[in-house]
Amino acid sequence: MERCRSGHHRIISYYLSSSLILFWCIFVLVLLSTTSTTNALVKIPKNTTVPAVIVFGDSIVDAGNNDDMITEARCDYAPYGIDFDGGVATGRFSNGKVPGDIVAEELGIKPNIPAYRNPNLKPEELLTGVTFASGGAGYVPLTTKIAVGGIPLPQQLIYFEEYIEKLKQMVGEKRTKFIIKNSLFVVICGSNDIANDFFTLPPVRLHYTVASFTALMADNARSFAQTLYGYGARRILVFGAPPIGCVPSQRTVAGGPTRDCVARFNDAAKLFNTKLSANIDVLSRTLQDPTIIYIDIYSPLLDLILNPHQYGFKVANKGCCGTGLIEVTALCNNYTASVCPIRSDYVFWDSFHPTEKAYRIIVAKLLDRYLNRFF
């Protein structure tokens, strides 16, 4: 803004009124904010624009939306964020960047996707994307209640509506529609439903079978994607569940003395993924628009876990934080838990969430496999 004023101030002021100067500066700011600000690693076709990355879901893509909440599902303290910019704990459930950040970086949009509820969020950040995701969220309403304070998906949509209104105030309705239509929407959810709801609460298993519960999850996921489509989104990635039975905490709790992957947890994840994939296919055919895509995250993460050395990892059955067996959120802290010296040796940061290195490998694979379906 200052550069706009200082370089040509005398000439501009001679020809234009101060109000027009202000308008011109705001226009330039908006233009720059909706143009790639980092070098794109993923090549997209010429004349194709991806102005923003907009994210919904759970702790995998939360960037700090829970930071001011009274909840166990928050991590705005060290050692979380030890490898993030400046070594700051922002509320990301990892040692560094999370998938939303990496997607935006790979597309050349910006280095990080900020949390929508960050009180220090700059207005121009809205133009290039935010995350509404919240640790503890799930497709089944009960799941978020278990987290005591997480933001359920319906509330994430309410924040999204608020976000749209803010965009309209900044750039007008026409530009807002363009941003929503051409942005990449990322939805990652489902792990908490299976691990923290179905397999943790006996009353849930009295009411549902694994088949009926995963069907409920898949139906709610389809409804969520359809709602985003109704808001004008046309590039929607809906991620399936990961191999939950192979994350360190679940191996510790239910994997027996040898901490094996828990087959029934993985089977539930695969069943959900099958139902979700079918639901997304039906939705795409119903809308006659193939711009809602199911993303298989199960296979690439499982490959890292089963074949860590092929990707430069040394440890895949424990997290880097503490003993690596059970530490997550409050148990992963600077007072009672040490941190492994070489984070890049580990697939998992804590007992539930991967390291930035693991996320980077997975995101690169997924973008290479799926992104061209939009263009």
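Backbone N, Cα and C define each Cβ position, glycine as well.
According to Swiss-Prot, the feature signal peptide maps to 1-40, an assignment based on sequence analysis.
Taking a C-beta cut-off of under 8 Å and a sequence gap of six or more, Asn47 (N-linked glycosylation site) has no contacts in its own chain. Swiss-Prot lists Asn47 (among others) with the feature N-linked glycosylation site, giving sequence analysis as the kind of evidence.
For Ser59, the entry in Swiss-Prot reads active site, nucleophile, with the evidence type similarity to another entry. Within 10 Å of the C-beta of Ser59 (active site, nucleophile) we count 30 further C-beta atoms, all protein chains included. According to its DSSP assignment, Ser59 (active site, nucleophile) is coil.
The feature N-linked glycosylation site is assigned by Swiss-Prot to Asn334 (among others), with sequence analysis given as support. In sequence order, Tyr77, Ala78, Pro79 are the residues near Asn334 (N-linked glycosylation site), counting only same-chain partners six or more apart with C-beta under 8 A.
For Asp350 (among others), the entry in Swiss-Prot reads active site. Under the three-state DSSP scheme, Asp350 (active site) falls in the coil class. Taking Cβ-Cβ distances under 8 Å and a sequence gap of 6 or more within the same chain, the neighbours of Asp350 (active site) are Phe93, Pro248, Gly319, Cys320, Cys321, Gly322, Glu327, Val328, Thr329, Cys332.
Residues or ranges marked as active site by Swiss-Prot on the basis of similarity to another entry: His353 (among others). A C-beta separation below 8 Å, combined with a sequence spacing of at least six in one chain, links His353 (active site) to Ser59, Ile60, Phe93, Ser94, Gly319, Val328.
According to its DSSP assignment, Asn334 (N-linked glycosylation site) is coil. In three-state terms derived from DSSP, Asn47 (N-linked glycosylation site) belongs to neither a helical nor a strand segment and is classed as coil.
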